[in-house]
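One structure is given below, encoded as structure tokens.
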Amino acid sequence: TKTISKCYVQVTGMTCASCVANIERNLRREDGIHSILVALMAGKAEVRYNPAVIHPSAIAELIRELGFGATVMENCGEGDGILELVVRGMTCASCVHKIESTLMKTNGVLYCSVALATNKAHIKYDPEIIGPRDIIQVIKDLGFTTSLVKKDRSASHLDHKQEIRQWRRSFVVSLVFCIPVMGLMIYMMVMDSQLSDAHAHHNMSTEEMEALHSSMILEYQLLPGLSVMNFLSFLLCVPVQMFGGWHFYVQAYRALKHKTANMDVLIVLATSIAFVYSFVILLVAMAEKAKVNPVTFFDTPPMLFVFISLGRWLEHVAKGKTSEALARLISLQATEATIVTLGPGNVLLSEEQVDVELVQRGDIVKVIPGGKFPVDGRVIEGHSMVDESLITGEAMPVTKKAGNTVIAGSINQNGSLLISATHVGADTTLSQIVKLVEEAQTSKAPIQQFADKLSGYFVPSVVAVSVVTLFAWIIIGFVDFEIVEKYFLGYNKSISTAEVIIRFAFQASITVLCIACPCSLGLA
């Protein structure tokens, strides 16, 4: 007997089914090549050859001569099949041992592990020698009932509905509270400009100005040091900080736990500091019973959260669109297959319905008119028209007769076909397309990786700049107080210089942080 070895060759440059046929036809003629199977989507050829006559490198060279790129794949373990089963009826460790030892003795099983607690069996096998149905039969013969672990075919891991909902909620909460805050801000600005106009025209004394200023409704003090404006802003800011920013806090905490700084960290830092600082300054003003209302930053968090949660929401909506297309693609897969046993002269002896995952390579599958092809295969008998538009986009049905290849997921139209399975499970064209789209979704564009890398440096540097600002102003203040006085308008003359300086320094450093936040938007 000749020893037959198997190798995998990565083939590039194939564009359609005729390329596949070309490679298969030409290589079959060569000496020492037993069989060849080419998968178009995976760009992979599986060759069974006689090592005494030909080597894998020579096989790759033959494919190259046909005008394709070809390299021999080193890790040939890719051909292993993996089976996950639920086994019922095991009572103790000896049952587990019985199943494991029997399976390991079975020819073609490479690895087997059975867990009593979860009733699950994990089996690796060589699809050339044995298939999932044979393995299930072995376990059944031992007296246990077994079934496949139901795979989730709904592509739910690609479903962004929950994230879309969460960010939409976050956005709406922030927006509801942001609009009044912005309204208050704009009202204050308008009033301030009117005041300065009045001041310009009527040369009022500063005392009169202050009287006019405090007569404005929003500046009215509910308690000494607590104006209506600041109180309202505080009330509107709290729910945003709590509910609108909740997801940001969770993410930022996770990032910091892994010692990385991402956008969320910056957003949380800026909003929290702005909020806490404003809150503290209010308390200080109330304790001092200050006449002039302190400048607070309660307007920062709601506005930031609004824009950023809007961005996140749109991002997930876009992701959801690709996932929807993918889910539709996955739903095209057939769930069951009719396997037939043929006698001499292709006489039908028996047929049985099995789960698609139990179809083994080399099985004869019967596809009735109107049925979907469960696996990729080659027609053995029958004549029909097949709608392959889901894969090729070709609207016209394609004629299939003995010897033609068929693609999983395409629809058989008018005649009954018998096909021999060539690619099953994860190797079918449809599974490969799904895998490609999934990989495209999870992989990042170079610019995205660059942005992520940048944000890694961006956050710490912004925090550093902000700290530098804080200390710089404190030093400047103590060296030359007049500069601070020039920029820090309307501070209360009754408080000590040191406090004025520190307040101003804090204000400057927080401004740096808050202003850096939209940059994170730019990066996002």
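The backbone N, Cα and C atoms fix where each Cβ goes, glycine too.
Marked as domain 'HMA' by TrEMBL: 5-71, 81-147. According to TrEMBL, the feature transmembrane segment maps to 171-190, 222-244, 265-287, 457-479, 500-523.
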Helix-strand-coil residue split for the domain 'HMA' (5-71), DSSP-based: 22 helix, 24 strand, 21 coil
Within-chain partners of the transmembrane segment (222-244) [C-beta distance under 8 Å, separation at least 6 from its ends]: 170-171, 173-174, 177-178, 180-181, 184, 188, 271-272, 275, 278-279, 282, 284-290, 293-294, 296, 298-299, 301-302, 305-306, 309
Which numbers of helix, strand and coil residues does DSSP report for the domain 'HMA' (81-147)? 23 helix, 24 strand, 20 coil
